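The annotation Cu cation binding site is assigned in TrEMBL to A:Cys78, A:Cys82, A:His166. Taken from TrEMBL, the feature disulfide bond covers A:Cys78-A:Cys82. According to TrEMBL, the feature domain 'Thioredoxin' maps to A:40-205. Taken from TrEMBL, the feature transmembrane segment applies to A:7-26.
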Amino acid sequence: MRRRAILGYGAAGVGAVALMLFVGWWQVDGPGGPEPVGQRPVALTEMDFRLTDHEGNAVGPETLIGRPTMAFFGFTYCPDVCPTTLSDISGWLDDLGDEADEMNVVFITVDPERDTVETMAEYVGYFHPGIRGWTGPEEQIARVADGFRATYERVPTESGDYTMNHTASVFLFAASGRFVTMIDYHEPREFAVPKIRRALAEEMEGAT
Amino acid sequence: MKKYILTSTLAALLTLGGFSAPALAGLEYVVVENAWSRASIGMNRPGAAYMTIRNTGDEPVTLIGLTTPLAMMPEIHETKTNAEGVSSMSPAGEIAIAPGESVALEPGGLHAMLMRLQEPMTEGDTFPLTLLFDDGGEVTVEVPILGIAARGPED
Ligand SMILES: [Cu+2]
């Protein structure tokens with residue numbers, strides 16, 4: 001009898017610990033916790049940031065609303081992923097033809113220390129003319145990245161310089177500002193154009 | 001070693017003779033194909049070069065380093081993109097290539113990272129890049145410099 005009671009208490013104890021662990025998980029990592037990085041971007045209409053485009057114009061989320069948007073984070077000192085993505089985007093825009101003219105395409109730097117307005121202007125000049133370069137003060141870059149749920153991090157290199165780790169996905173938003181989908185770097189790049197077309201078409205349906 | 005020198009000389013002679021064979025140099029069983037790089041904006045930014053390195057021999061080979069007069073600090077780097085879509089880049093260390101296998105240096109993956117450029121990389125030019133192997137062998141390729149927006153060796 002006694003042994004059974006002890007076992008019962010023991011089971012209750014284990015249950016209580018399990019419950020505590022569950023509550024802990026719920027609050028920290030689970031649905032009750034803060035949104036982890038890597039979640040869906042918020043709508044452009046919910047973002048709040050002030051940046052400068054490569055021609056010196058003041059821009060913000062409202063600049064993008066009214067037309068579908070393709071956006072990408074990077075930095076001009078990136079030797080690999082950024083020029084590759086900007087060339088990919090240029091190719092997609094060529095394939096889209098006239099439809100590309102209906103889109104906003106922005107390259108937002110995560111390295112404002114080196115990527116001044118002039119630097120951005122020179123850099124985007126090497127790619128499709130539809131691509132705009134955006135930069136701004138450090139804290140505004142942090143705000144735009146937060147809205148997109150994009151991450152970036154400055155990493156020192158052996159050569160005494162630094163490089164930037166950053167979200168390499170291309171974000172697609174509808175003209176309404178609603179987030180539609182993204183194209184990840186490891187996705188087969190040839191699927192991008194149909195995906196962009198689908199995002200554009202989805203918006204047309206949404207509008208009617 | 002003698003074998004490498006002989007092939008290097010042969011390659012040099014062929015090059016002098018107007019026969020430009022980027023795949024022919026140094027280690028006869030290491031074949032480098034489709035080498036290319038992008039033009040740089042000035043000299044402050046690092047450059048990157050890409051290629052396929054094929055081990056056609058019967059023994060494994062290990063790529064241990066790079067040299068080029070173009071850059072003071074050329075290194076093999078690897079770009080990785082994690083599940084959250086965040087890309088990062090770091091030195092890749094030594095790269096072993098099994099007999100009959102090849103390793104692709106391509107955008108978004110392994111690449112020859114060219115740090116501390118000694119001169120700007122100009123579209124239309126080429127530069128020599130020497131791959132160093134653990135057995136003391138070397139392979140030198142002439143890497144063509146394409147436009148900044150190039151996507152592959154054929155651009
Ligand atoms: Cu690198």
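Counting begins at 1 with the first residue displayed.
Glycine is no exception: its Cβ is also placed from the backbone N, Cα and C atoms.
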Proximal but sequence-remote residues of the same chain as A:His166 (Cu cation binding site) (Cβ under 8 Å, at least 6 apart):
A:Phe73, A:Gly74, A:Phe75, A:Val110, A:Ala150, A:Thr151, A:Tyr152, A:Glu153
Averaged over the whole of the domain 'Thioredoxin' (A:40-205), what is the pLDDT?
93
